[in-house]
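Per TrEMBL, the features are as follows:
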type	residues	note
DOMAIN	34-115	domain 'Manganese/iron superoxide dismutase N-terminal'
BINDING	His59, His107, Asp192, His196	Mn(2+) binding site
DOMAIN	125-225	domain 'Manganese/iron superoxide dismutase C-terminal'
Amino acid sequence: MKMLRLVIPTRAVQNNYTSILARSSSSFIVKRSKYTLPDLPYDYNALEPIISADIMQVHYDKHHRTYVNGLNQAEEKFEQALKENDVTAQIAIQPALKFNGGGHINHSLFWTNLAPKKKGGGEPPKGELLSAIQKEFGSLEDFISKFNTTTAAVQGSGWGWLGYNKSAKRVEIVTLPNQDPLTTHVPLLGIDVWEHAYYLQYKNARPDYLKAIWEVINWKTVADRFDKAQK
């Protein structure tokens, strides 16, 4: 039996969310379908030695899967609360939707931010993206240094982002806690600094992980997002 989904789209999640709401005389009719874990675009060991196969398997198959399951459960509860016109319950469910929905959105983007070296991982950006980075940060090296310093300083768990500010028409570094999705900017590049992203290999040395991960960054994907963000 096919089920449809309730979602609240933003610029950052338009490709992940769709919404179908039909208003009846007394209530909303909400239709939804379950979210699923996206395919990993490479093998677990494809990013070694930068990111080990053990980390990739646990990160993808355990942590991301947990966010997907949590999002589906939260949406089911939200759908029921809508049917019952229970506004208090709808509000109470929002943190679970944000946390698990953000975790799903962020990780779906994160996997495509990375690529094996033999498939272009680590190759520096070119063209308009590089020019935009140089305009704001001086050089690619200066950008990476500032990004790493800013992101390493995230307290607890969170993410570092390179986002495109559509109003200012420039790229900016943004950090966010927990699994909060980037909604103030168009997300171009996100790096996960939860310990589950690196602890099995780098222990508590977050700066070492941040220094190494640029060797498998998929700048082609980042450039594609940048091009689309400007349209």
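Keep in mind that glycine also has a Cβ here, set from the backbone N, Cα and C atoms.
Annotated features taken from TrEMBL, shown on the structure.
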residue : record              : CB count, 10 Å
His59   : Mn(2+) binding site : 22
His107  : Mn(2+) binding site : 23
Asp192  : Mn(2+) binding site : 24
His196  : Mn(2+) binding site : 14
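Each residue in the domain 'Manganese/iron superoxide dismutase N-terminal' (34-115) has a pLDDT score, and their mean in this model is 97. Same-chain residues that are not part of His59, His107, Asp192, His196 yet have a Cβ within 8 Å of the Cβ center of the Mn(2+) site turn out to be Tyr60, His63, His64, Phe110, Trp194, Ala197.
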